[in-house]
């Protein structure tokens, strides 16, 4: 039988069940909580609530005596008329039936208590025949919120899946409202409810509000039925005892049953109070005091003052039998922080260099910058200073470098993903007025790592979300600013915390997306990506070994040749990092694992021998797998990338440029062709999914090319009388940036002079209207793209000479690089040869 599981089974939680259900969809403050509570008690009385609650509770229905409804079995207890209940309905058929009922004219279901939770049988026989008519208020996913209305009794089962029954309404037996015996019982129940107020805090506010709304303590109105239901609903009695109250139609007997339940509740509360009185009141705070005793001298005075105030508040509330749950949660967080506890920093530069080399191959410049940072810490005894931001394409090792720095310094490591973060409360916590409030991630970080000086990685900071009302940028500014983070305020704790000892490291793919005030507080270290040689070394000496171990394959069983790895890098994994390279190697080893397992299958004779045999025994005689360039496609499929070099000899009007992409570097052809000729018809049409900056570069290139052509040959009116079409191939790929300016000019001049550019030449550089060549970015990636396309000569701006000189010698080997600062120099290099 599909079961609807009730959320929260203890009577102490029942009045807040609806609030908990709604709080998952919206954040409530205390005034909203009060509105819902008053709306709840208005359903138990006929009096009007002080606040309009028509949006929460519908008017009481007028229905026929007989009604066919879906029977929803309850595990934890019966639904009492006048009480809300959120249900979690797992059965899709029951959920669909309830949704259909809610959409119809009779949005009701039948709530019936199960006779035995462990009974697996289905049908109406496993549930009590008397239940409650439940009005369906809302359905959100699997969560259904209902309110009890009237008593029902099953008369006939209509369907099994879902269980559908015919019912009729049960009416109370006639009674004399002025009967002295009933009235005395009524007053006795009220007396017990007063004792409930004195002996427990769970229902104190609820009983007081009910009494105020109904006037029961003043005997203004004798509503015997609802008082009996209310008393049964708040008791901790067993569910079958409460079911007896629900089934009783004699109002006097029902009051007597409720009286017994409330009496037992009061007695239990008194026993609990007696046990509590045997121990000192300070027992409640003993755990917290024991926790802070060793570090009491290190706790800031303003924090210690708040802690002691909270201890006094707990003691005072316990003496008055109040609820301390919220305060306990607050004090638990406040005392669990590592006040004054720091790990010892290790500033051994040689050890740090060894760790960085073990964890990462190459990245010489990046490692040098990090070692400089550690060296400053050695001299000053404190590594604080600029916030490090590791910037680079995906998969180049930004996160793992941060882990290595933490290991080198002997600091605890904590990763905080801020990509897509749009709410400052994740950083600074929720304010205490909200239900379910929690501290921010930094407080949670300190509690988790147990020290005041961890290394915290703020991952993907360039993908920070935006939200007008709760913008996280301001919270991060306070977090990263050395002048402010020594007094960082968490809204939940409401005390300042010293975060100046925390070492922050950020990661980003591009720094352009980082807000300016944040970027101003960071020192950016750029990870340009790995060269082909570095990828070969990482794949051969690291990735192959790691992946083979994860797949349960011995290294000697597989031989991946260098030619296969080179083909894998150039034809499948051209991105700057090695994450995709690892995925492709995993594909190879998964295929091999499948072949090994299939080889084992014929050798199995029975189930026992299969279970006893180990993988090591079965693979001991397996063949050795040779992976080379010829059979690589059998393991990883067809190549993803084709050769970037489209032309062996570039034709007239075509020039090879160099571009930077998030995948690294690539070649970029600029093609120009003649469309039509006519006097005064000169013009340029541009295609290729180009951005606004690149379109402007094309217009500048056209103007500069016309000027150069006029200077070289005043009689050449090609540009004035020719309509041209400039195109950048791979039109589905968006392209933008100014660095193709010199390439576009060269393409236009090549068409005008009907002369192709020099073979195996590539260029990049921004051009001004006067022909000056401006510096470009991504020089290393563009150089890698040129080498991959077997380009021998490259033209770079003169301002980028220092960037090229910093590249490794092996990276520059075999390249003839020209540095220029005027386009005239490019003209001579591109066209100054004999045909």
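Backbone N, Cα and C atoms are what each Cβ position is placed from, and that goes for glycine too.
Heads up, TrEMBL stuff is auto-annotated, nobody curated it.
Residues or ranges marked as active site in TrEMBL: 739 (among others). Take the CB of residue 739 (active site) and look out to 10 A: across all protein chains shown you find 26 other CB atoms.
Positions annotated as active site by TrEMBL: 782 (among others). When other Cβ atoms within 10 Å of the Cβ of residue 782 (active site) are tallied across all protein chains shown, the result is 27.
Residue 399 (ATP binding site) carries a helical DSSP state (H, G or I). Cβ contacts within 10 Å of residue 399 (ATP binding site), excluding its own Cβ and spanning all protein chains shown: 15. If you look up TrEMBL, you'll see 392, 393, 394, 395, 396, 397, 398, 399 marked as ATP binding site.
Residues or ranges marked as domain 'Lon N-terminal' by TrEMBL: 69-266.
Under the heading domain 'Lon proteolytic', TrEMBL lists 649-833.
For the domain 'Lon N-terminal' (69-266), the model's pLDDT averages out at 83. Rounded to a whole number, the distance between the Cα atoms of residue 782 (active site) and residue 393 (ATP binding site) is 14 Å.
Excluding 392, 393, 394, 395, 396, 397, 398, 399, which define the ATP site, the same chain contributes 390, 507, 509, 527, 529, 576, 577, 579 within 8 Å (Cβ to the Cβ centroid), listed in sequence order. With a 10 A radius on its CB, residue 395 (ATP binding site) counts 20 other CB atoms from all the protein chains.
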